[in-house]
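Engineer: Mind looking over this structure? Questions follow.
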Amino acid sequence: MSQQLWLRCEKKEFERRSALTPTTAKRLIDVGFEITVERDEQRIFKDSEFEAVGCKLTANSSWPTAPVHVPIIGLKELPASDEPLPHTHIQFAHCYKKQGGWSSVLARFHKGGGTLYDLEFLTDATGRRVAAFGFHAGFAGGAAGLLAFAAQRNGEKLARLEPYENETAMVNHVKECLGGSGKGVRALVIGALGRCGRGAVDIFRKIGLDEDDILKWDMAETAKGGPFQEILDVDIFVNCIYLSSFIPAFLTKEQISASGTSRRLSVVVDVSCDTTNPFNPIPVYDINTTFSDPTMFVELEQGLPALSVISIDHLPTLLPREASEQFSSDLLPSLLELPQRQSARVWTDAEKLFKAKLAEAVEAEGLFTVTAA
Ligand SMILES: NC(=O)c1ccc[n+]([C@@H]2O[C@H](COP(=O)([O-])OP(=O)(O)OC[C@H]3O[C@@H](n4cnc5c(N)ncnc54)[C@H](O)[C@@H]3O)[C@@H](O)[C@H]2O)c1
């Protein structure tokens, strides 16, 4: 029998991304997969685009009625509920690091006998994630930073951000807000060799910043230890590091105050968003900002130039089409191994992790099965 796969709709507000795209669905169909797609007006791809490549369309939110042997693929968490989950689900579940409500999410799998393959923990042989949204997080973060810079230059605060139809629309809009090009703007990206960092560097190039005005820092450049004067000497600072342990702060309020009116820096984009992490290397703010109110101003003494921070933790949503295409094509080699998931390493490792987390949840929820004497 051919491998079946069911793409469910997303229920989170503003979420227009999709785990499968018409491109990757076609690649799977070409090798014999049967793909069912729930109709979804919120998704950036039209239902008809999936139909055109041979997917079977079905009603929105109908996955609970899917045959139990059909894996369900989606991106974000399922809406909260106590309903048992008998299917195999491939998605981000955000329940393996003891996030709020983690054990009740896993308890649903225990009660239903289903399996969770968490997309965040599908890794290659070296332990690196097979698919992540980083590049477009950095790209969209850089764009938001440029828009905030343009607004501040006009004495305004950046208004609500809306997802763009595609990358060209985003690039054109940012250029227009900057008066045609970003020439003359100076930016520093820390974590520039990573996924997010490469995305930030890419948008700065596409907006027309001079190559010499895009400072690209990674481990070697921060090894001397912060805080760094170089951050105060650019217009936009984008933080894209993967924080794994304590590091000296990159930027501090004392340093900003001491620089007085000579500071050039006007926007900080914290793509890494380690906002509430005690080791946050940018301890000048403590909230996550949102698409409806993308910037917050750092509280400074009167008379100092404004400094705003963007700390949105779901930036790729601003570019749903390209972000989905990239994520889904990175996931494709693993999906092609789905029929062999009992033996293919990427899936057996993910299942092992699921079982370990499930056992922890069973204990936390007191769900032990009572066996008859
Ligand atoms: N805001 C969002 O919407 C969003 C979306 C995706 C990812 N993220 C976050 O962005 C961060 C980066 O993700 P990624 O996929 O790009 O990671 P990555 O591992 O691909 O890249 C991280 C880079 O940071 C560098 N780095 C680490 N510590 C550093 C230091 N002290 N100084 C200089 N460079 C340092 C690494 O060498 C690497 O090049 C993660 O925390 C991730 O959770 C945020």
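Every residue gets a Cβ built from N, Cα and C, even glycine.
No curator has checked TrEMBL annotations; they are predicted automatically.
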Engineer: Using only what TrEMBL says about NAD(+) binding by Arg128, Gly194, Arg195, Asp218, Thr222, Val271, Ile312, Asp313, His314, Leu315, identify which of Tyr164, Tyr242, Tyr285 is listed for that site too.
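Structural biologist: My reading of TrEMBL gives Tyr242 as the candidate in that site.
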Engineer: In TrEMBL, Cys240 is disulphide-linked to which residue out of Cys177, Cys196?
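Structural biologist: Between Cys240 and one of Cys177, Cys196, TrEMBL records a disulfide, namely with Cys196.
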Engineer: Considering only the binding-site residues Arg128, Val271, Asp313, which possess a Cβ situated under 6 angstroms from at least one atom of ligand 1?
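Structural biologist: Once distances to ligand 1 are taken from each Cβ, Val271, Asp313 fall under 6 Å.
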Engineer: What recorded positions among His94, Arg195, Val271 are found with a C-alpha within 10 angstroms of that of Cys240 (disulfide bond)?
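Structural biologist: So far as Cα distances go, the recorded positions lying within 10 Å of Cys240 (disulfide bond) are Arg195, Val271.
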Engineer: Taking each of Lys76, Arg195, Cys196, Leu315 in turn, which of these recorded positions have a Cα lying within 10 angstroms of the Cα of His94 (active site, proton donor)?
Structural biologist: Lys76
